[in-house]
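**Student:** A single structure is presented below for examination.
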Amino acid sequence: MLPSQTPAQGSGRFLLLSPPSLSSHPEKLNAILGLHARESTDLQMLDRLALGLVSLPQSTYDVVLLLTGADNTLAETYRLVSRGVLQGVVNSLKPGGKLRNRDNQIWGSGSDSAAGLGSSDGGGGGGGGEKKSSSEQAFRNEAILAGLVFDDRGELAKPDFGAQQAVPLKLGRKKNLGDSAFGNGTVELPASNGVRVTAGATTTTPTTTTTTTINSSTPSGVRFIDFSDDFGVPMVEETQELDEELIDEEELLGEFDMGRPIVQPPECRPKAGKRRRACKDCTCGLSQKLEAEDRAKRANADKALETLKLGTNDLAEVDFTVQGKVGSCGNCALGDAFRCDGCPYIGLPAFKPGEEVRLLNNDVQL
């Protein structure tokens with residue numbers, strides 16, 4: 001019997017996922033739809049799900065069936081069911097819903113002879129003695145990662161976590177002193193000269209153990225630490241501050257040390273054609289030397305800029321005496337209609353290229 005001729009098993013709401021190749025064979029698709037009740041069965045195309053054109057409702061279906069393609073294999077189905085599509089299919093299943101890889105057949109039943117995608121294992125989806133195809137095994141792994149589990153029948157099912165109930169933890173009541181961890185309220189200690197220690201008095205008896213009665217006001221399970229027993233050494237208060245003498249590191253250096261030249265390491269010495277950068281924690285003087293050079297260069301640059309500054313009474317002359325010499329845009333001599341926005345000749349009449357034009361204190365002289 002072909003997979004499309006397998007009768008439907010169980011009841012509930014079904015979702016049929018069809019590969020696009022099956023739509024070109026309407027007789028096969030209609031035969032599959034005829035095996036299920038139309039009012040409780042939905043049909044979706046896998047390629048539309050993969051492209052995100054349609055979405056599946058949440059927690060709606062009891063059984064999702066992956067239909068075989070036109071060649072009666074699951075090769076096309078496995079190729080279209082990506083991780084995102086499979087996660088959407090799992091979300092559309094109700095708790096306890098089933099995912100079956102053929103037309104209402106459980107995992108491991110039937111065969112895919114055309115593509116070699118799986119073989120009968122006799123025991124369902126848990127894996128049998130015969131070798132499964134890599135595509136089917138990869139699909140099973142993705143299904144498990146998506147949240148499905150194999151039930152006792154070998155079917156991929158969505159676990160029902162709603163049946164679980166929270167169990168409160170009841171803490172026991174306070175035990176009486178007689179039922180505490182100390183038993184009858186005494187602790188057996190090694191004997192010391194046959195002395196039994198009790199709550200009221202100390203008596204000498206020929207016993208070999210010492211019994212100490214626990215104070216009845218002490219809660220069960222509470223231990224006390226005696227900090228006073230330090231073998232005669234007094235305890236130091238935490239608030240007591242130790243006097244620490246601060247040492248100025250500059251006082252450790254004398255005049256001879258301050259006048260001693262700094263020995264520059266060989267790796268820090270400048271090399272020809274390359275300026276070495278100073279270390280972050282430089283102590284050889286290279287950092288100070290480079291900073292001094294930078295300051296000198298900066299001062300020289302500022303001094304050079306000062307000499308180039310022009311005052312308001314200085315003459316700013318643009319010489320066009322060279323025949324054919326024009327501005328960078330080439331339109332300065334053509335008039336305002338052809339001049340740039342920041343052209344110094346805006347407002348001036350057109351002049352011939354080569355004509356001397358002088359701007360002197362905002363007075364135009366041609």
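Backbone N, Cα and C atoms are what each Cβ position is placed from, and that goes for glycine too.
The feature region 'N-terminal SAM-like domain' is assigned by Swiss-Prot to 8-167, with sequence analysis given as support. For 100-136, the entry in Swiss-Prot reads region 'Disordered'. Residues annotated as compositional bias 'Low complexity' in Swiss-Prot: 108-118. The compositional bias 'Gly residues' annotation in Swiss-Prot covers 119-128. Residues annotated as region 'Linker' in Swiss-Prot, with sequence analysis given as evidence: 168-258. Annotated region 'Fe-S binding site A' per Swiss-Prot: 268-284, in sequence order. Annotated region 'Fe-S binding site B' per Swiss-Prot: 329-343, in sequence order, evidence recorded as sequence analysis. Marked as motif 'Cx2C motif 1' by Swiss-Prot: 329-332. The motif 'Cx2C motif 2' annotation in Swiss-Prot covers 340-343, and the record cites sequence analysis as its basis.
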**Student:** Find the average pLDDT over the region 'Linker' (168-258) in the predicted model and report it.
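**Tutor:** Average per-residue pLDDT within the region 'Linker' (168-258): 59.
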**Student:** Could you break down the residues of the motif 'Cx2C motif 2' (340-343) into DSSP helix, strand and coil, giving a count for each?
**Tutor:** 0 helix, 0 strand, 4 coil
**Student:** Count up the helix, strand and coil residues in the motif 'Cx2C motif 1' (329-332) according to DSSP, in that order.
**Tutor:** 1 helix, 0 strand, 3 coil
